[in-house]
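*Asks:* So that we are looking at the same thing, I have put the structure below in C-alpha cells.
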Amino acid sequence: MPTVTAVRSFAKINLGLRIGPPRADGFHHLHTLYQTIGLFDELTVEAERARMTEIHLQCSDPRVPVDGRNTVYRIVEAALQAMDVTAHVKIFLRKHLPMQGGLGAGSANAAAALLGLERQLGIALPGAQRFALAERIGSDVPLFLVGGTVYGHNRGELVMPYPDIPETPCVVVAPGVGSSTPLAFRAWDERVSSLTPQAAQGRLDELSRVYASAFAPTGPASEIGASGASGALDAGDSVPHESGSLAGNPLPALVRTGMENDFQEVVFSQHPFLRDILHALQGDEVLPREERAFTASLSGSGSSLFGLYGSTAAAEAAQARAQALGVRSFVTTTLSRKAYWGGLFV
C-alpha cells in the first residue's frame, strides 16, 4: 500500500439549477446539471489497520472544523464501519476553494477522502455502497464519484453521467462572502409561496426537457445512486460524443434554452454587489461577441459566480474585469470525466 495517498478534490459549478416544492423531510426536489472544473483542494491520506479506530484531521484553514462536523471526518468514520475495519487515519486538508462558495468544496473533500482511504487500505467498496455512503454525507457528494458533466435530481444526490461538454475556459469569482444554503432555500420558499406544488413540479419537468433536448441524440447514461443503477459507470469512463463538433457540444443549445439558477435572484437580493460581478463576467454588450461569456451565473447557492468563454484570452479579460472590482477570481477550465479521474490522484 502507498505510504501516503495525495488526492485533489475538484470543484463544480452548476449549469442551471431549478428548485421544486419542499418535501416532508425538509429537503427540496431539485434538478441541476453539475460540471466539474479544474480548481481544487488537496488532501493527503494515511491509514493503517489498528486495534482501535482513530481519525486525525488537520486543515490549513483554521476556520474549518476538524471533528465530526467536517464531511471528511464523517465519511471516513462511516466508510471504516462499512468496511468493518478499524484503523488509524491521518488526513491533511489544504484549502484553496472558498467556504460556503457554491463550488461543492466540502462535498468534494469528502469524496476525495473516501477514495484516498480505499486506496490506502486496499479496499474498494461496491458501487452501490459507495454511493449510499456519499448520499448520507451530503447531496453533492455523489457527483464527485462520477465527475465531468453530471445531471442531478431528487435532492441532487441521484446522479446521471451526461456526455461531457468540450473543455471550456472558465472564470470563477470568489466574492469573499458566505452564502448559507438553508437560508437561501428559506428565502426561495418565501419568494414562491404562491406557487402551487403542481406548478413547481412543472418547472422541474421543463428543465429536464431542456437538458434532454440539449444533449440529444447521445442522451445520458444510466442513473447512479444508492437507489439507481450503481454499476452503470466505472471511474473515468466517458459517455461518447462528437468531440469538437457543434453536434457534440451541448453548450449552445443550453445557452439558447436557458441555464438559469433559481438561487440567483434570492442571493443577489441579499448581496446586491454580486450583480456587478455578474456583469463583469458577462462582458459589456459593446464588446465583440467572441469576447463575452457564453453564459455567466451564480454557482449553487453562491456566493461564487462563474463565466464560460470561447477562448482563454476572453477568460483572462473577464478575470481582469472582475479583479478590478476587488474580488478574487481564477481562470480554469471545465473538466471532462476522463480528465477528472486522470487528475484525481497525484
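Backbone N, Cα and C define each Cβ position, glycine as well.
Automatic, uncurated: that is what TrEMBL annotation is.
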*Asks:* Which stretch does TrEMBL mark as region 'Disordered', out of 58-78, 226-246?
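*Replies:* In TrEMBL, the region 'Disordered' feature sits at 226-246.
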*Asks:* Give me the count of other Cβ atoms within 10 A of the Cβ belonging to ASP140 (active site).
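*Replies:* Cβ-Cβ neighbours of ASP140 (active site) within 10 Å number 29.
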*Asks:* Name, in the order they occur in the sequence, the residues of the same chain whose CB lies under 8 A from the CB of LYS12 (active site) and which sit 6 or more residues away.
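*Replies:* The list for LYS12 (active site) reads TYR34, GLN35, THR36, ILE37, LEU103, GLY104, ALA108, ASP140, LEU143, PHE144, SER299, GLY300, given in order along the sequence.
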*Asks:* Taking DSSP states H, G and I as helix and E and B as strand, how many residues of the domain 'GHMP kinase C-terminal' (255-325) are helix, strand and coil?
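*Replies:* Secondary-structure composition of the domain 'GHMP kinase C-terminal' (255-325): 35 helix, 9 strand, 27 coil.
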*Asks:* Kindly state the mean pLDDT of the domain 'GHMP kinase C-terminal' (255-325) in the predicted structure.
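*Replies:* Here the predicted model's pLDDT, averaged over the domain 'GHMP kinase C-terminal' (255-325), is 93.
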